[in-house]
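Since the structure comes first, as structure tokens, the remarks are kept for the end.
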Amino acid sequence: MFTQPHVLILSWGLVWASLVYGQPTTSGLAETHESRGMQVPIMTNKQALHPRNGNLHGDALFEWMHHERNKLHRKYNKTSSSSNTQLEARQLVGVGNYGDDSFYFMPIGVGTPSKTLNVLMDTGSSDFWLVDKDCTESSGCSSSMTLFDAASSSTFQNSSRQFLTPYGDGSNTVSGNLGADVVSMAGYQVDNLTFGSVSELRGSTIQAPASGLMGMGFESLSSSGSTPFWEVIALQGRVKDPVFSFQLTSASSSEESKVIPGGVFSLGVLDDRQYTGEITWVDLTSGYGSNGIGYWAITMDRLRVNGNQIALGSSNVVAVDTGTTLLGGPSKILQEIYNQIPGVEAAPSSLLGGSGYYLYPCTQTFTLTLNFGGKDFKLDNENLNLGRVSDTSEMCVSSLFVASDTDSNSMPSWILGDTFLRTVFSAYSWNPQRVGFASLPSSGVSTLPITSLTSGESFSESSTSAASEASSSAVGQTTSKTINTSQTGLLGGSGLPTPSLVSEPSSFQSLASLSNYGLGSGSKSGSAPTVSVVYPVMYIATLIAFILPLIL
């Protein structure tokens, strides 16, 4: 028989247990010590000069197309012979012309104290660079740009190595010095990460609110020979899933804000709420990845236009590139595709200096079906149409353009940009090395609110252009676990220190569910999410604790 003291001890023991084991859980998220990963918001610049925003016509559209084509030619060394392709890829920062294509970007933290900067995420390159305070308007940086100030960071280490990177037709350059500093992204912090501190941008490069570019390709593609941020995590981090992923939105034409939610980037975890069905995985093609040219390159099995199959032959290697807008392919195959679309004509080279683009009647529609790993992924006319040549023209520009005139055994034949990637969930696995695609949920693409990660204030045009000082919590460090790991396989490059992972998330966390990051709740297509928070143990234990003394 229980005595009254025993009952009281048992009762308050149950209350204590409820507080320990009855903590709220977000449905769908299992937060454990071994399940590490973080999600952060991707943003999109709705007012950037971009065909998808409907603000480019005539000469401005032709200029954008010209720069986009030159960017990809330089980025993938299409003008180089196969004998020196890999050498050039390591000597040049192959980032190309990102200017008016400042479409998807996300926040990172740099330096000590940490400063929040927005960067483009580019799986088609491996170098990381930021514009610094020495880049003035006369040097190509706009006054609205947030600049990195190396002098204000106590952990910045400069290098004597300079870089001068021509791209496109050679009139555009990115130049500055290499350095290293603390960089935080998606819940992880890396010390001594090498990046280019850019003091000069010539030609159309990036625009505010972006402040730089982070390459997400493999180290073997890096011009500085340094290990990219994600690969440091891959070699040192303990993650739930050895993968990073993108879920990108398609901006609505009705959106008027300059900066709007653009999707979600996840590192170290596969969130099955971001896709439906199974992920179709395709191994990286031999000669690419960490042991070859460092692109995320896979094989395309089949290609159909309007349901009719097009023979690929040996031209079936595809580079998956989040830093590119368009879909590029080999000349001969594109000619076969366009032969099946009535009214198509090559864009005049007099306007585009060599072109490679095609025009088709705006009243005409066509579909393109790409097959990877035995699964079809369909692009409809809405995705393939860049818009009218001019307000009065009856011809529209296709986003499928000639990326190469000849096949190369050492470079991808196809370049898969966000024309395709906006229509799927894409995942990039480093163990095993492969790329995966899955269908997007019928409920829409997940988004995270664009808010300050420390104050909870919404980003605006003025706040994104101002210098934004932030603590390391801006990238999810308040719940990080400090770790010590070996340096095996990591490279600083150019005499700079070896990078090392110093902290990581203690568990899988989505910024959609962590109010202390100032991001509030996530949403589907702009609507507030339904988050189920339950306390079953707490409720039951508390009820028993108060009833038990009354009945005994």
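Heads up, the Cβ atoms here are built off N, Cα and C, so glycines get one too.
Predicted automatically and left uncurated, TrEMBL annotations should be read as such.
A strand conformation is recorded for D122 (active site) in the three-state DSSP classification. For D122 (among others), the entry in TrEMBL reads active site.
Positions annotated as active site by TrEMBL: D321 (among others). Note: D321 (active site) has non-local neighbours D122, T123, G124, Y295, W296, I415, L416, G417, i.e. same-chain residues 6+ apart with C-beta under 8 A of its own C-beta.
As annotated by TrEMBL, compositional bias 'Polar residues' applies to 475-487.
Here TrEMBL flags 104-438 as domain 'Peptidase A1'.
Look at TrEMBL and you will find 470-495 tagged as region 'Disordered'.
The feature signal peptide is assigned by TrEMBL to 1-22.
Among the features that TrEMBL reports, transmembrane segment is placed at 533-551.
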Inset, instruction - For D321 (active site), name the DSSP secondary structure in the helix/strand/coil scheme. - result: coil
